[in-house]
Amino acid sequence: MSSLTILLQRACLRFALLPVPPLRAPLRPPRRPLGLPRRSAMSSSAASRLSHIVAAAGGAAGESSEPPAAAAAASGLAQEDDDLSSAMMGYRLPPKEIQDIVDAPPLPVLSFSPSKDKILFLKRRALPPLSDLAKPEEKLAGVRIDGYSNTRSRMSFYTGIGIHKLMDDGTLGPEKVVHGYPEGARINFVTWSQDGRHLSFSVRVDEEDNTSGKLRLWIADVESGEARPLFKSPEIYLNAIFDSFVWVNNSTLLVCTIPLSRGAPPQKPSVPSGPKIQSNETSNVVQVRTFQDLLKDEYDADLFDYYATSQLVLASFDGTVKPIGPPAVYTSIDPSPDDKYLMISSIHRPYSYIVPCGRFPKKVELWTVDGEFIRELCDLPLAEDIPIATSSVRKGKRSIYWRPDKPAMLYWVETQDGGDAKVEVSPRDIVYMENAEPINGEQPEILHKLDLRYAGTSWCDESLALVYESWYKTRKTRTWVISPDKKDVSPRILFDRSSEDVYSDPGSPMLRRTAMGTYVIAKVKKQDENTYILLNGMGATPEGNVPFLDLFDINTGSKERIWQSDKEKYYETVVALMSDKTDGELPLEKLKILTSKESKTENTQYYLQIWPEKKQVQITDFPHPYPQLASLYKEMIRYQRKDGVQLTATLYLPPGYDPSQDGPLPCLVWSYPGEFKSKDAAGQVRGSPNEFPGIGATSPLLWLARGFAILSGPTIPIIGEGDEEANDRYVEQLVTSAEAAAEEVVRRGVAHPDKIAVGGHSYGAFMTANLLAHAPHLFCCGIARSGAYNRTLTPFGFQNEDRTLWEATNTYVEMSPFMSANKIKKPILLIHGEQDNNSGTLTMQSDRFFNALKGHGALSRLVILPFESHGYSARESIMHVLWETDRWLQKYCLSGSSKTDSDSVADTENKTVSASGGGAPCEGPEAEGFSSMQRSLL
């Protein structure tokens, strides 16, 4: 089974144009520990510190002696011939001080063995070239497919694998390099066997014409590092459109392969057989969000079947290959904990032209491990009619999983409200369980009834499990304690709180590995007879997060804090439990955990904490990724908007900057609005002042190297208390939040009031355009990346708005900056990927918004990035985005030229620019990813 891995450069996402983190449940389904295979104790994903634990991953300049602001001014537009024709030609590079940070070599990814005695160092390359994105791809049913490799397109990869032994004292042994695969191989889906003696992974090698090679399955001996293909036949390839392969025992894998008899792909008819017809003559109510990359006709459906259909085979180390089951569009293969059964999920026709494949008819079957059919668990119909109201779900059985503390017991949930969150009913969800093969016709057993929406289960044993429920509309969340196999013990509520109230979050239970390779809640043994578990929490406080580990008595609710992060200089978190090699309760005095440690100036490192002395042993020693910014200034600041709501932001200042000597700086404000139900929750502090300032490839923090002050993530709370809809006062609250942020940086003397720029990505781009329309006095210019600007083009809801355009017409219109294009007078830079795959943010949104701006003489510029989707990945694209952004900031923020009459420059500046050299913008096709992420795929 696949082990999870730590993406060490968490910075790449933390500040790289991400929204405000979602509010977490009080005792959310626990963090998945390192080495956790797919058989998890939890049945739903949880927000966590380890959002970068993955199993397949993407992919030095000296300090200036000049003051940062002076250095930036001196460089000015040195990299650019400001003649407009020059600014319209080809891909460009940003200033060297930005290039050096972006081109820094990426850190490896770590993966621990099941027994935690070895560590993989998975090596990565830097940013991919545009040629990788330019490879042909099919956009089918919400999935983007590389037809040559028969996998998801644009899939990142590893370039090498190193193995280190983890010694008892925490030191690492010498590296053993996995070898034997072809030079230049692209490695994906790296997983450990359950005994930790072997690795499995896919290998592909690009052809000479730059087309993708197909994926072959390889295995490697961990002791020797020697790798070899699993299949003797060179004609057997992986089909990794959905699931790829899984260990069923220590010497056998179940593999999704391309059917040997598949033949050539279907050819598109030169003449259509008839018109494209969709019908609703039964008058069904079908409301769907703006999905992308959908099937368009029968040819698309045939092509989807061609690429997505797999033949399952059992492959052993001795070369034996046994096909099992018929070819089908298999989406999930999941062995039971005792390895005797397989739970097989597949999708089938009739397909849909209005929803992605995650809503296609879905069949779940139970097979023996040898491929013999036992019974059908469910066959769900096409789900085009899931209501758009938040917390609405699909009808029928959902979240079907193996119970991790039993050899072969299933559990699932069924809605009682027809999946419609607007229907009032009690109970709303019922959780069931039953044996894989029921005896004498026994019926499924009711495990628990819920009045809110089911949100997951954490299993421990026959006497303990935690069941979670939540309701987004009220932000209410509950955690129940149940005894799964003891009918005489009544369920009870352990926690009942608001998911917005991060200060009261008690943390998540830590998991331990069982002998079956599954993960369950870890029980800890003290001297008494009480039942203790470990709660791992982020420890939100008014001064910032102070993570903790509590020893929690599940019966009395009493707790003892046995570990807590340093508050003064460092930010530390608990990453995983390391002392789980044997079954049963863990003695507290033998506890061993993995922690991370970082500071404002020190990169994240990993440590072992060993009880009873709580000895700390450092495992890694990664260098600072951008030493030229090592002495930057970082501060979490608090301020207040005029209605009394407390706001927070992180202020960054360039190295060497002294406000008393250098004066106010140009400032870039980068943010993303969030919805709240209460003012108190909106004002709570999230994050830590001691976190390492990670800088991703498109992060606004890059402009610290250009002498800018950066106000990162100022809270923009859109509050709707009680029955009030937050978005009915969106513009008002957006403006007052931005006013408070701008006034605060000016009050502190670090930002010049006439040189404050604003920017954002996706919903942050939507925010940026609205601020330039409704608060032009605050900002000199704006940068809006991959946004949606006309909400009438997303009529069945967007973001967290679940009313339709016809139910909230005024709100849709007033929120749309497209409708206020005539009010935008400050310079605005629009950037969008030509192939945006995000729901709602079609490339057309930026194209039409630009035309509206141009039609009113607004100083504007549109950059369409060939082959890029919602986030940008190719080096050429990223460097050009940074060049465009730097040019915009230097010209309209640093120089203050945005005060120029926009009408006088409109005819020259409002040009459409393609990153390839001035081509017309291309409307992005619609896209939506499959509902569940592949194993081991970032």
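From the backbone N, Cα and C atoms, a Cβ is placed for every residue, glycine too.
What Swiss-Prot records for Ser762 (among others) is active site, charge relay system. Other C-beta atoms found within 10 angstroms of the C-beta of Ser762 (active site, charge relay system) number 23, with every protein chain shown included.
Of all Cβ atoms in the protein chains displayed, 30 besides its own lie within 10 Å of the Cβ of Asp836 (active site, charge relay system). The active site, charge relay system feature in Swiss-Prot is assigned to Asp836 (among others).
Sequence annotations record features per position, and here Swiss-Prot assigns active site, charge relay system to His870 (among others). The Cβ of His870 (active site, charge relay system) lies under 8 Å from the Cβ of Ser762, Ser786, Gly833, Asp836, Asn837, Asn838, Thr841, each of these being in the same chain and 6 or more residues away along the sequence.
Summarising the annotation, Swiss-Prot assigns compositional bias 'Low complexity' to 58-76.
Taken from Swiss-Prot, the feature compositional bias 'Polar residues' applies to 897-913.
Residues or ranges marked as region 'Disordered' in Swiss-Prot: 58-77 (among others).
According to Swiss-Prot, the region 'Disordered' annotation covers 897-938 (among others).
What Swiss-Prot lists as transit peptide is 1-54.
DSSP gives Ser762 (active site, charge relay system) a coil state; it is part of no helix or strand.
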